[in-house]
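Here's the structure, in structure tokens; my notes come after.
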Amino acid sequence: MLDKKLLKNLDLGLIIVVLIIFLIGILIISSATQSINLLNDDNIKYDLKKIDIKRQVKIQIVAFFIGIALVSLILAVDYNDFGDFYKLIYVLSILFLLLVYIPGLGVIRGGARSWIHLGPIDIQTSEFAKIGYILSFGKYLESKYRKLDTIYDLIGPIIFAAPFILLLLKQPDLGSALVFIIITFGMLFVAGINMKIVFWSGAGGVLSLPIVYRFLEKHQKERIDAFLHPNNPNLPGNYHVMQSKITIGSGKILGRGLFKGKYHRFDYLPVQETDFIFAVLGEELGFIGGLFLMLLYFAFLYKMVNISKNAKDVYGSLIVTGITFMFAFQIFENIGMTMGIMPVTGVTLPFMSYGGSSLITSMLALGIVLNVGMRKQKIRF
């Protein structure tokens, strides 16, 4: 049972911010998936009383309530109990990633074998593996806190992280692999990695990019080429970003109004309820709406940073740091790719993009952060 005295430390502000982002997401997903009666190019007839609640919206709401139930369960367990089983969590997370290679179970989408099919639902295994990785890697790093001064000291952490990153690159899911790399870097940074190692590792990574490019899949190369040559309409990877920028720009300052967007309704904008949901928001709510969402995300990340700083132990600080870096990268990458300042990777926007796996994973991560936050100090009886 959860001690009621612990609930007094629950960060209600963080919960409210997440709830607002989710509700905005529901509205934008609903708009992005609506069919409307187009009278002509400049006049859209839309009856708000006849909103058709699409399957995507229903799934998103169900996933959110599943997430709430999981958050409640997580809060009832001291987060250090997860650390006690970090080896088991580590192995299970890797095995979960391997499920995509079981015939009849693994599903290929967008050129990547990243999903498993279970009856009426598809699950992206890498989403849930993120949580397992953070919980296990945090415990592993706890004993190495402030002891990461040489390249030799990094051999263990690199070996620990390698199975996840290599499996994701094999799928191939470059976006998820990048998320894991960012999580790893963030946790190593807080664990006290020598900054000289960071500098030389970064330099080596940049120099190795041409080699990495040669091993990318065709669709991944198209996205990188499009990012490097954004004004070339002949590159197939540029279509998505060009349409996204046109859609965002059409919203101007105040937007066309909720459910009144035009560009995404003509299906010019691909995967608009998932990867490019921010573009839909930009068209309908304009610059002001986009800025408001960014401020919400800033408050969201700021609160998590504070929870990490005030954690009662190193393990709590490390796992919240991993989650913070995970969310920060996904937010920056997703919004950035809709504007053309980041390459398209398929990374979703937390609590906004449609996707049961993504939303439930985000809720699990939120539960862990709240868990650490409310146990930041010992309870006095």
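Glycine residues also receive a Cβ, built from the backbone N, Cα and C atoms like all the rest.
Automatic, uncurated: that is what TrEMBL annotation is.
Per TrEMBL, transmembrane segment is recorded for 12-36, 57-76, 88-108, 151-168, 174-190, 197-216, 276-302, 314-332, 352-373.
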Sequence-distant contacts of the transmembrane segment (352-373), meaning Cβ under 8 Å and at least 6 residues beyond its ends, amount to 9-11, 14-15, 18, 21-22, 24-25, 28-29, 32-33, 56, 59-60, 62-64, 66-68, 70-75, 77-79, 82, 121-124, 127-128, 130-131, 134-135, 273-275, 277-278, 281, 293, 304, 307-308, 310-311, 316-317, 319-320, 323-324, 326-327, 334
Within the same chain, the residues 6 or more beyond the ends of the transmembrane segment (314-332) and with Cβ under 8 Å of it are 79-80, 83, 130, 133-135, 137-139, 141-142, 145, 178-179, 182-183, 185-187, 189-191, 297, 300-301, 304-305, 307-308, 342, 347-350, 362, 365, 368-369, 372-373, 375-376
The recorded stretch from 57-76, 88-108, 197-216, 276-302 sharing the largest number of CB pairs under 8 A with the transmembrane segment (12-36) is 276-302
Near the transmembrane segment (197-216) in space but 6 or more residues beyond its ends, with Cβ under 8 Å, are 148, 150-151, 154, 172, 174, 185, 189, 224
